[in-house]
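*Asks:* Below you'll find the structure I mean.
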Amino acid sequence: MAAAWLGWLLWALLLSAAQGELYTPKHEAGVCTFYEECGKNPELSGGLTSLSNVSCLSNTPARHVTGEHLALLQRICPRLYNGPNTTFACCSTKQLLSLESSMSITKALLTRCPACSDNFVSLHCHNTCSPDQSLFINVTRVVERGAGEPPAVVAYEAFYQRSFAEKAYESCSQVRIPAAASLAVGSMCGVYGSALCNAQRWLNFQGDTGNGLAPLDITFHLLEPGQALPDGIQPLNGKIAPCNESQGDDSAVCSCQDCAASCPVIPPPEALRPSFYMGRMPGWLALIIIFTAVFVLLSAVLVRLRVVSNRNKNKAEGPQEAPKLPHKHKLSPHTILGRFFQNWGTRVASWPLTVLALSFIVVIALAAGLTFIELTTDPVELWSAPKSQARKEKSFHDEHFGPFFRTNQIFVTARNRSSYKYDSLLLGSKNFSGILSLDFLLELLELQERLRHLQVWSPEAERNISLQDICYAPLNPYNTSLSDCCVNSLLQYFQNNRTLLMLTANQTLNGQTSLVDWKDHFLYCANAPLTFKDGTSLALSCMADYGAPVFPFLAVGGYQGTDYSEAEALIITFSLNNYPADDPRMAQAKLWEEAFLKEMESFQRNTSDKFQVAFSAERSLEDEINRTTIQDLPVFAVSYIIVFLYISLALGSYSRCSRVAVESKATLGLGGVIVVLGAVLAAMGFYSYLGVPSSLVIIQVVPFLVLAVGADNIFIFVLEYQRLPRMPGEQREAHIGRTLGSVAPSMLLCSLSEAICFFLGALTPMPAVRTFALTSGLAIILDFLLQMTAFVALLSLDSKRQEASRPDVLCCFSTRKLPPPKEKEGLLLRFFRKIYAPFLLHRFIRPVVMLLFLTLFGANLYLMCNINVGLDQELALPKDSYLIDYFLFLNRYLEVGPPVYFVTTSGFNFSSEAGMNATCSSAGCKSFSLTQKIQYASEFPDQSYVAIAASSWVDDFIDWLTPSSSCCRLYIRGPHKDEFCPSTDTSFNCLKNCMNRTLGPVRPTAEQFHKYLPWFLNDPPNIRCPKGGLAAYRTSVNLSSDGQVIASQFMAYHKPLRNSQDFTEALRASRLLAANITADLRKVPGTDPNFEVFPYTISNVFYQQYLTVLPEGIFTLALCFVPTFVVCYLLLGLDMCSGILNLLSIIMILVDTIGLMAVWGISYNAVSLINLVTAVGMSVEFVSHITRSFAVSTKPTRLERAKDATVFMGSAVFAGVAMTNFPGILILGFAQAQLIQIFFFRLNLLITLLGLLHGLVFLPVVLSYLGPDVNQALVQEEKLASEAAVAPEPSCPQYPSPADADANVNYGFAPELAHGANAARSSLPKSDQKF
């Protein structure tokens, strides 16, 4: 097979030589094949720019070059210079000037790498001027001219040694175009682009007149040594300079960015440390098992020691001792608080209407502040701290470069359309996906054109607003037309023209003729997006109608590698200018986006059978968050109603059917709910007076949260009032006061703990969470105060109504005389007393409970180490939001991450040579310059999260100044003398270059830098000068009035970022890179010590918090434990043991909650942190009541006191705490907002369930083992109270006994009168009480 191929090649070469014999009869050293110019190629009608003249056929000896001709040859083709007297060439002065002009376009791209530029020039100098031209050139086609004139050469063959050509190609293969963040060979290799380019394809493109730049056809033959050749042909094998070697004393080697061989050895970043293992077990799991085992063993030892101690104590029990001093101190807080609240409750109950009026006035006065409320809906203002580093960086960026443009984006995939094969004449057989079908493209073109021509009426502007009024127009920002607007899509490869999309043509390539159409042009443009004229017979441009390239990763998605034809999705992106919030153009942009969304919704509905469409506007996220907030308000209203109904029903004591209307508590329940709402409104109004902005999240969640807490207190208070019988001769007001003195310390303990936890939660810098925490903390305090005033007054009035046997709600009507309540024990109390408490505290069950809970604690310690940190933005959306599909498509199909800008602040001298060398990446720049470090980082995208190296205005500015390009020129005469002459001006008046020619890298002086930089930033790029900076850098450099660079930015791209963890790590990695760059640039002479480089990505403001949320959360939660313990310790009577057990239970609830968060898919972030802070406060509700009940019990043994607390306070906690939380929480599960569902429904459900389990299961068992000893002072006081109770009481006619002393006794729950210290403890029943 190989022999046959070589034979065919030899035959082809011989045939070619035979055909060309007429034009190149001699192949000898020192003989030319053509010489002098013969005008334009008559076979070409025109090109992208003015084409060079072709040469005349001339089989003559090479000419001796002297004088100006020699100087010109030495300057343009230095490798052909052999000295002043021995230099021969085959080109005239005109040919040299034409050669220089024709190479200027390509040299502008390659000049940043001197070796590449020189090698490229050398190739064409040899072709045109080599004195041995006939040895490797064979003319194959000429065009006859007039009589007596030599023919014009329009095609020839060039024979090169393959190694020679490949070395030349290798020297240029890595040269970059900074503005496009791509390789220069990508625009010099035709349909193959940079990915498929090689030496043969690179040379073929240069010799193809179809590219619009070549004046004649050149066929390049790359031959191996020893390969058969036509007679006389000797393949060119000239000098090729490696890119990592200097070309002279003053020239610099190519930089690492343009030449891999110049790169220093960059050690790869350290691999991620493997997980810590102990044997085959993960280290965390092993350590937690060891810790849990030690904890269980320690607990078992403590329990055993306590049991032995109790036995010894029982054996040695003698006469009862007098209370010790510590016990008296423990009693003191009980007594003080109990007496205070008893007196307070009695006074409030005595003046109910006055207290209600004063409470109403205070609430109204505070709530009036809501007239000044500022509702924040901007996601940036809600979820990013105003003083955070990311916000400061955003402010700096927006101030100096303007806000990041507004993105309106569409993803489209095909339904039920299978892929197909296409035999491309250019690239062979290719797979095309279903979405890449002509009928689909035509339909999407219609959609795109409808969107481009959208107009919407603006009341403020009193005219129609169109896209051109607000669009981002990089090449014409000042006088924008519709075709100047930046719209990126595959359709831009056809300039949004239906005729061009449907164009077809016949083309012959390598002897094969085939029809070429849009698919061939698409393949060409996807591989070479910088092409101005493709190599097909269609001869279409790949540039968008607004003048910039469309890179395939921005136009299609869902492909592998560079197989763009297999893309599953098409992407259309409309980029709009962004404006400050108070700019009237911002409202215009939002109006256009509103019309854009309506058009897309209509298109999605009408084409649902063909397309799957996902879309988003810049305003979409804010709109959807606001929409779901409004939609979910009824859910919260239903939650309120259910809690209200439960309270109203549960607070009643229904002893007889005939007394239901009287014993109902609907009015009291409604009053309790109104008290909670009043507290919330007052808290929000107070902060509105202070100018603290609020949010819709606060309006939704805070009332629900405070209702859950407030309902607990209401239930416990009323239930205690019903259970605590009125003493003989005791007035209603005194009865209420005594009840309040009994339960208010527990209510104070819980409310104070929760409020402190919320205020500590306000330490988080996230505005929405901080405001939520502040409002919740104040609302809980106000709720407690209103419960101590307004609700006590309501209870007094309700008790008066009930004693008068008036029906609830319709209290103005009196009823007939009703029978007294029937004595009956409630089902809940009976269940706890007869079944639950005996089972839980059985001697075999208690160790099992301890073991299970400690095992659960250990398992959740491990699970909490695996919780995800972050908050994906789609979770802030409702479940039915169209943005859910958009974010799904964005993560699935977009093949590049967001742009990241490395921003430089003021204080760095870019105009100095040292400053330029420290930031650029071309020849002469430092190996560890700013842009070079970003390049190194992009080689390790998995660690640096940078995938595409940065564009560099410094590099392109230097290239723009290079004399060999046609970019920076000056008028030499006329009124604009010495002013900038644009590259589009081809007159002889623009022959003066801005910079003089030098052997080394071009570096302007400070004066030249400040003069030429504004010209560069306003020069539009074009085919003659692709380095113009208007499109890429107009907004990237901020200049002061005297021309100093006060801020600039270098744009790179992240790799695709799929979730919040990726965004967080990308921010962390880019900051580390920027800090490293900053440290080096501060060493440049003249740099301000405060100079800084920082990374800016539009999403940084949202993900900044996740860099520190973990340590901040640990600190905040640990800080919450301190006041919780202190408050419990103080209000439990300076009882250290009770305080520690209380704290232990709360810590276990918290750890179990976090561990189960990982199981249920709840990530850790500022929203869940504030809920965990809430968990600490709510845990107090579940454990503190029972702990306090145990601490004040006078039963002789811990087991009896644990049973006592479980039966009476445990049942109250279940009915009053858990059952008031569950209805409201379960309703949250119906909310549309995923944020509410996940972080409020799921998390609060976990908190409530775990709090209930630890409070009613674990805590009684722990107290039965490790609880504090009985308080002897309390026992003594109870004994004295009992003795006083049996003594005869003096008559007091001023306060006669009520007629119906038991009218307000709830016999469904209440025991007989409990003997105990007045207002020092709850009415906990004795063992001999009757029910």
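Positions of Cβ are set from backbone N, Cα and C atoms, glycine also.
It should be emphasised that the depicted structure is a prediction, and the values quoted were computed from it without experimental measurement.
Annotations per Swiss-Prot:
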type	residues	note
SIGNAL	1-20	signal peptide
TOPO_DOM	21-282	topological domain 'Extracellular'
DISULFID	Cys32-Cys90	disulfide bond
CARBOHYD	Asn53	N-linked glycosylation site
DISULFID	Cys77-Cys125	disulfide bond
CARBOHYD	Asn85	N-linked glycosylation site
DISULFID	Cys91-Cys129	disulfide bond
DISULFID	Cys113-Cys254	disulfide bond
DISULFID	Cys116-Cys172	disulfide bond
CARBOHYD	Asn138	N-linked glycosylation site
DISULFID	Cys189-Cys197	disulfide bond
DISULFID	Cys243-Cys259	disulfide bond
CARBOHYD	Asn244	N-linked glycosylation site
DISULFID	Cys256-Cys263	disulfide bond
TOPO_DOM	304-352	topological domain 'Cytoplasmic'
TRANSMEM	353-373	transmembrane segment
TOPO_DOM	374-632	topological domain 'Extracellular'
CARBOHYD	Asn464	N-linked glycosylation site
DISULFID	Cys471-Cys485	disulfide bond
CARBOHYD	Asn479	N-linked glycosylation site
CARBOHYD	Asn497	N-linked glycosylation site
CARBOHYD	Asn506	N-linked glycosylation site
DISULFID	Cys525-Cys542	disulfide bond
CARBOHYD	Asn606	N-linked glycosylation site
DOMAIN	632-797	domain 'SSD'
TRANSMEM	633-653	transmembrane segment
TOPO_DOM	654-665	topological domain 'Cytoplasmic'
TRANSMEM	666-686	transmembrane segment
TOPO_DOM	687-696	topological domain 'Extracellular'
TRANSMEM	697-717	transmembrane segment
TOPO_DOM	718-742	topological domain 'Cytoplasmic'
TRANSMEM	743-763	transmembrane segment
TOPO_DOM	764-776	topological domain 'Extracellular'
TRANSMEM	777-797	transmembrane segment
TOPO_DOM	798-846	topological domain 'Cytoplasmic'
TRANSMEM	847-867	transmembrane segment
TOPO_DOM	868-1113	topological domain 'Extracellular'
CARBOHYD	Asn909	N-linked glycosylation site
DISULFID	Cys920-Cys925	disulfide bond
DISULFID	Cys981-Cys990	disulfide bond
CARBOHYD	Asn996	N-linked glycosylation site
CARBOHYD	Asn1076	N-linked glycosylation site
TRANSMEM	1114-1134	transmembrane segment
TOPO_DOM	1135-1142	topological domain 'Cytoplasmic'
TRANSMEM	1143-1163	transmembrane segment
TRANSMEM	1166-1186	transmembrane segment
TOPO_DOM	1187-1206	topological domain 'Cytoplasmic'
TRANSMEM	1207-1227	transmembrane segment
TOPO_DOM	1228-1242	topological domain 'Extracellular'
TRANSMEM	1243-1263	transmembrane segment
TOPO_DOM	1264-1331	topological domain 'Cytoplasmic'
*Asks:* Where does Cys90 (disulfide bond) sit in DSSP terms: helix, strand, or coil?
*Replies:* coil
*Asks:* Which residue among the disulfide-bonded residues Cys189, Cys243, Cys263, Cys920 has the fewest other Cβ atoms within 10 Å of its Cβ, if you could check?
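*Replies:* Candidates: the disulfide-bonded residues Cys189, Cys243, Cys263, Cys920. Fewest Cβ atoms within 10 Å: Cys263.
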*Asks:* I need the CA-to-CA distance for Cys485 (disulfide bond) versus Cys925 (disulfide bond), whole Å please.
*Replies:* 36
*Asks:* With Cys259 (disulfide bond) as the reference Cα, tell me which of the recorded positions Asn53, Cys77, Asn85, Cys981 is the closest one.
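*Replies:* The answer is Cys77.
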*Asks:* Cα-Cα separation of Asn85 (N-linked glycosylation site) and Cys129 (disulfide bond), in Å?
*Replies:* 17
*Asks:* Enumerate same-chain residues with a sequence separation of six or more from Cys471 (disulfide bond) and a Cβ-Cβ distance below 8 A; give 'none' if the list is empty.
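*Replies:* In sequence order, Thr480, Asp484, Cys485, Cys486, Val487, Phe574, Ser575, Leu576, Asn577 meet the Cβ cut-off.
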*Asks:* At a 10 A cut-off on CB-CB distances, which of the disulfide-bonded residues Cys91, Cys125, Cys259, Cys925, Cys990 has the highest count?
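*Replies:* For the disulfide-bonded residues Cys91, Cys125, Cys259, Cys925, Cys990, the Cβ with the most other Cβ atoms within 10 Å is Cys91.
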*Asks:* Roughly how many angstrom lie between the C-alpha atoms of Asn479 (N-linked glycosylation site) and Cys77 (disulfide bond)?
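*Replies:* Between the Cα atoms of Asn479 (N-linked glycosylation site) and Cys77 (disulfide bond), the distance comes to 44 Å.
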*Asks:* With Cys116 (disulfide bond) as the reference Cα, tell me which of the recorded positions Cys243, Asn497, Asn506, Asn996 is the closest one.
*Replies:* Cys243
*Asks:* Counting other Cβ atoms within 10 Å, pick out the least crowded of the glycosylation sites Asn497, Asn506.
*Replies:* Asn506
*Asks:* Averaged across the topological domain 'Cytoplasmic' (718-742), what pLDDT does the model get? Just tell me the whole number, please.
*Replies:* 82
*Asks:* Nearest to Asn1076 (N-linked glycosylation site) in three-dimensional space, by Cα, is which of the recorded positions Cys129, Cys263, Asn909, Cys920?
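*Replies:* Comparing Cα positions, the candidate nearest Asn1076 (N-linked glycosylation site) turns out to be Cys920.
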*Asks:* Between the stretches 353-373, 666-686, 847-867, which one has more Cβ pairs under 8 Å with the transmembrane segment (697-717) than any other?
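*Replies:* Most contacts with the transmembrane segment (697-717): 666-686.
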*Asks:* Give the residue from the disulfide-bonded residues Cys32, Cys197 that has the most other Cβ atoms within 10 Å of its Cβ, counting over every protein chain displayed.
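*Replies:* Its Cβ has the most other Cβ atoms within 10 Å: Cys32.
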*Asks:* According to DSSP, which of helix, strand or coil covers Asn85 (N-linked glycosylation site)?
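*Replies:* Asn85 (N-linked glycosylation site) sits in coil per DSSP, no helix or strand.
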*Asks:* Report the member of Asn53, Asn996 (the glycosylation sites) whose C-beta atom has the most other C-beta atoms within 10 angstroms.
*Replies:* Asn53
*Asks:* Under a criterion of Cβ-Cβ distance under 8 Å and sequence separation of at least 6, what residues of the same chain contact Cys256 (disulfide bond)?
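*Replies:* Within the chain, Cys256 (disulfide bond) has Cβ neighbours under 8 Å at Ser262, Cys263, Pro264, Ser921, Ser927, Gln932, Gln935, Tyr936.
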*Asks:* Quick one: find which recorded stretch in 353-373, 777-797, 1143-1163 has the most Cβ pairs under 8 Å with the transmembrane segment (847-867).
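*Replies:* By Cβ pairs under 8 Å, 1143-1163 leads among 353-373, 777-797, 1143-1163.
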*Asks:* Counting only other Cβ atoms and using a 10 Å cut-off, which of the disulfide-bonded residues Cys254, Cys981 scores lowest?
*Replies:* Cys981
*Asks:* Looking at the transmembrane segment (1243-1263) and the transmembrane segment (1143-1163), are there 3+ C-beta pairs under 8 A, with each pair at least 6 apart in sequence?
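*Replies:* The answer is yes, given that the two segments have at least 3 Cβ pairs within the 8 Å cut-off.
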